[in-house]
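Features of the protein shown, as given by TrEMBL:
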BINDING   Asp62  Mn(2+) binding site
SITE      Glu93  site 'Interaction with galactose moiety of substrate glycoprotein'
ACT_SITE  Glu148  active site, proton donor/acceptor
CARBOHYD  Asn167  N-linked glycosylation site
SITE      Asn185  site 'Interaction with galactose moiety of substrate glycoprotein'
Amino acid sequence: MALSKLPDLNAGLRPCQDLGDYRCSSPPAGDLHRLSLLSEVRTEPLNVHRLFPGVLFFADDDNTYSLELFQEMRTTRKVSVWPVGLVGGRRYERPIVENGRVVGWYTGWRPDRPFAIDMAGFAVSLQVILSHPKAVFKRRGSQPGMQESDFLKQITTVEELEPKANNCTKVLVWHTRTEKVNLANEPKYHLDTVNIEV
């Protein structure tokens, strides 16, 4: 981190201690970090990112990433998306893609979400972040699991999403918490139209 000369955005931030309890009085885990990052990017004194293209990705310490994911997201023009493994009570969740466009969601949890996607399942161009200065993650008032949708609704539409990872048929990030995997929403029989290795 010191070599990057970027500020350490983790200093002094205290997420909710009881991460499994949505009734916790603190905002969802990671919110303060994401808000700090958005603020830092938007107020960076030299505005270096205005001169060079870049992509913002909300990495998390309980995920495992393939290096290929970072190559995939480099070409993000606005908001790119891909599958996430071991999430939502399934082996994976993913955007459903037809003719190169996202048309729906293969998900085991809350399929009614406008963007039924995990935080690890998207990246945003810095130019989009800068052109939407009021787009933030809600600290209060967002329903559990709606953080991603509430944020993405402020900056894009489903029709504008850019599918990556071989049209969202390849898992390059896994929600590998240090606990037993919950596959309660995994269908008994394979229901997706593609076969994805997890």
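Just so it is clear, glycine is given a Cβ too, placed from its N, Cα and C backbone atoms.
Long-range Cβ contacts of Asn185 (site 'Interaction with galactose moiety of substrate glycoprotein') within its own chain (separation 6+, distance under 8 Å): Gly88, Gly89, Arg90, Gly108, Trp109.
Rounded to a whole value, the Cα-Cα separation of Asp62 (Mn(2+) binding site) and Glu93 (site 'Interaction with galactose moiety of substrate glycoprotein') is 17 Å. For Glu93 (site 'Interaction with galactose moiety of substrate glycoprotein') paired with Asn167 (N-linked glycosylation site), the C-alpha to C-alpha distance reads 13 Å. Non-local neighbourhood of Asn167 (N-linked glycosylation site): Val97, Gly100, each in the same chain, at least six residues away, with C-beta under 8 Å from its C-beta.
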